[in-house]
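Asks: According to TrEMBL, the feature transmembrane segment maps to 108-130, 182-204, 316-336, 348-372, 393-415, 443-468, 489-514, 563-580. As annotated by TrEMBL, domain 'TMC' applies to 381-487.
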Amino acid sequence: STRERIKAIRDLPMSFQEKKHIRLFRTNITGEFVYKIIIHLRTLVVLKSTPRDYMPWVSYSVSLQFLRRCGYSIRSIRQTLELWQGIMKEIGGKFGTSVLTYFLFLKWLLMFNIFSFLVNFGFITIPLLVYDISPNIPPNVGFGGLEILTGAVSGYFNYTAMYYGGYSNETLVDLVEYNMQLAYFFTIAIYMVLCGIALITSMANSFKTNYMLADQVSNSAWQLLCSWDFNIINERAVRQRKNNLSVQLKVNFVQYKPFQFENILFDHIGIHLGSWLLSTGMAVGCAHQQPFLCPLSLQNTTDASNWSLLQEAETLLVPFVVSSMNLVVPLFYSLFNKFEQYSSQRRQIYTLLLRNVLLKMFILGVLCYYWMKVVPQKFSCWESMVGQALYRLVIFDFFFLMLGSFFGEFLSNMIGTKFLPRLGVPEFDVARNVLELIYAQTLVWIGIYFSPLLPAIQIVKLFVLFFIKKVSLTHNCQPPRRTGRAAQMQTIFIALLFFPFFVGALSIVAYTAWRLTPSQQCGPFRGLNNTFSVVGIWIDGMEDNPGSKGAIWIYDNVIKSEIAYFLGTLIILIIIYIFWQVSQGRKHLIGRLRQLIANEGKDKSFLLEKLQNLQKSCRHKKQKQKNRNKVHFYRTIC
């Protein structure tokens with residue numbers, strides 16, 4: 001207690017000033033630490049040490065404890081200032097880690113787009129704005145408000161830094177020379193490379209943690225017996241933690257529950273085949289509609305800046321139809337999934353994921369083919385037209401996500417609670433919602449070349465979507481009964497984000513830079529055969545510089561060489577194979593160690609059983625000896 005600590009300080013054989021010095025620091029450190037100091041001081045007094053011997057130790061110990069407390073305080077402040085930390089704890093405590101995975105993924109994408117916006121805005125947009133603050137807007141063009149929805153086909157935004165056509169191809173000369181062509185190319189290229197590295201690293205770490213080193217049985221046992229945090233003292237935090245553990249345990253128990261239908265291979269093969277044919281046919285049919293809708297929406301459009309209201313409205317046909325398909329068709333897939341009976345719930349979730357991925361891949365593939373083949377032949381500044389089309393898709397996707405939250409969750413909750421109680425409260429479909437985020441991020445990656453400021457729209461969209469989904473989840477949904485392990489699901493989501501979506505977006509951007517001819521009237525690469533030729537022009541201008549021979553040799557013998565790409569790919573595959581073998585070896589070693597631990601437990605059980613049997617036999621012998629002694633005693637008396 002405090003009184004005992006003060007009494008112990010008074011009993012120290014030292015001067016009053018030294019006791020006062022220790023007592024002043026007592027309020028900043030723990031009682032246990034004070035007790036250790038007092039014990040150490042008493043030891044030094046017994047050894048007849050002088051105050052000069054132990055005061056440096058006291059000062060050092062107090063300073064070390066003070067620094068530790070400062071570190072804990074800074075860590076606590078950082079966790080408090082972390083974005084949506086309290087909301088994440090509330091969602092995890094009420095709905096479990098499977099639902100929390102969606103919101104963590106949304107937050108991760110938000111940070112990703114903030115980084116993208118800062119890079120593009122800092123290296124591409126700011127230099128242009130500093131050089132020329134007022135954009136070259138025709139006098140008859142003004143901001144009418146409709147541009148926010150249509151993407152400014154002929155409006156104000158079309159002449160600003162929002163799209164590719166608003167950037168100059170000149171070398172900006174102010175305080176320093178700034179080559180806009182090189183800045184535009186290398187900013188986009190380095191950003192895509194960094195995105196790929198970040199995705200591969202996250203995917204590898206997540207796969208290693210959640211697949212290679214994870215054990216489902218041991219994790220479940222740890223979650224049941226050892227996962228309570230005894231440092232929690234706040235009543236609300238205790239309640240959230242208890243609800244979180246309860247939901248997680250229910251999810252794990254449902255995973256081990258067998259399905260009612262076991263003969264799935266023979267009895268339900270027709271249902272599975274029919275569902276796959278229907279789902280694939282719907283995906284192909286949705287993609288087949290795009291070649292007819294895209295020319296229809298742009299058949300009356302021209303390069304003129306004075307478009308009519310009808311022409312601008314026609315451009316909204318494709319994003320409206322595509323967003324409607326992405327909203328309605330996955331509902332049919334979920335309906336198909338209810339009629340199918342799977343032997344594994346995880347297989348049921350993966351099937352739904354695969355069907356939705358195929359749908360979005362078919363639609364995006366057809367749209368990209370149209371943008372790369374038809375639009376460049378029809379419009380003089382075709383890059384801006386593609387950027388506007390992607391802008392409209394992002395905006396309409398946001399509107400339909402809000403409609404999906406209203407019709408798919410709010411109305412379902414109203415019908416299930418008031419009119420048809422048999423339906424019950426709707427579940428939060430984690431897989432479908434995450435795929436919607438992946439689809440939206442893919443649109444941003446494809447449009448990063450055609451609209452460098454598109455990540456700013458995505459930031460606002462994700463920020464608003466977080467609160468919409470949070471409110472809808474809290475008031476309209478319940479935790480999903482069918483779910484896989486949250487950590488492994490997160491790994492699958494990152495893998496899907498990388499392949500096929502990021503790889504596909506990277507392929508589109510690379511094809512645009514290497515194969516397509518830039519517009520001759522707008523953009524930073526006007527007058528060039530392709531975007532990549534700006535690097536060749538830059539290298540040719542460096543030939544007069546003696547210190548740039550190494551860069552020229554690398555460009556001629558590495559970047560332009562097919563053999564270098566082949567060798568690089570081969571080296572990467574060899575490294576991947578080596579790491580795979582190392583991970584397999586570690587996994588095998590971990591299995592051996594676990595088996596060794598299990599065998600040691602069996603050995604201990606065997607020895608304990610032998611020891612117990614020996615103790616029982618010794619007791620039995622002692623009892624027999626006692627009985628013999630009693631018999632002998634009675635006989636002697638008699």
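Heads up, the Cβ atoms here are built off N, Cα and C, so glycines get one too.
A description of the local structural setting of each listed feature is requested, covering burial, neighbours and distances.
Replies: Taking Cβ pairs closer than 8 Å, the transmembrane segment (182-204) reaches residues 112, 116, 119-120, 123-124, 127, 167, 445, 448-449, 452, 491, 494-495, 497-498, 502, 506, 509, 513, 524-525, 531-532, 534-535, 538 in its own chain, all 6 or more past its ends.
Within the chain carrying the transmembrane segment (348-372), a Cβ under 8 angstroms from the stretch's Cβ atoms is held by residues 279-280, 282-284, 286-288, 290-291, 294, 318, 322, 325-326, 329-330, 333-334, 337, 340, 342, 386, 389, 431-432, 435, 438-439, 442, 446, 482-484, 489, 492, 496, 500-501, 504, 508, 511-512, 516, all 6 or more beyond its ends.
Per-residue pLDDT, averaged along the domain 'TMC' (381-487), amounts to 85 for this model.
Residues 148-149, 151, 316, 318-320, 322-324, 326-327, 331, 423, 425-426, 428, 436, 439-440, 443-444, 447, 454, 457-458, 461, 464-465, 468-469, 472-473, 475-477 of the same chain lie 6 or more positions beyond the ends of the transmembrane segment (393-415) yet place their CB under 8 Å from a CB of it.
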Asks: Pairs 6 or more apart in sequence, C-beta under 8 angstroms, 3 or more of them: is that satisfied by the transmembrane segment (443-468) and the transmembrane segment (563-580)?
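Replies: They do not touch: fewer than three Cβ pairs between the two stretches lie under 8 Å.
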Asks: Mind tallying the domain 'TMC' (381-487) by DSSP state, helix then strand then coil?
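Replies: Taking the domain 'TMC' (381-487) as a whole: 81 helix, 2 strand, 24 coil.
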Asks: Please indicate, using numbers and ranges, the residues of the same chain that are 6 or more beyond the transmembrane segment (108-130) and have a C-beta under 8 Å from a C-beta there.
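Replies: Residues packing against the transmembrane segment (108-130) from afar: 83, 161, 166-168, 172, 174, 178, 180, 183-184, 187-188, 190-191, 195, 198, 437, 441, 444, 448, 452-453, 455-456, 458-459, 462-463, 466.
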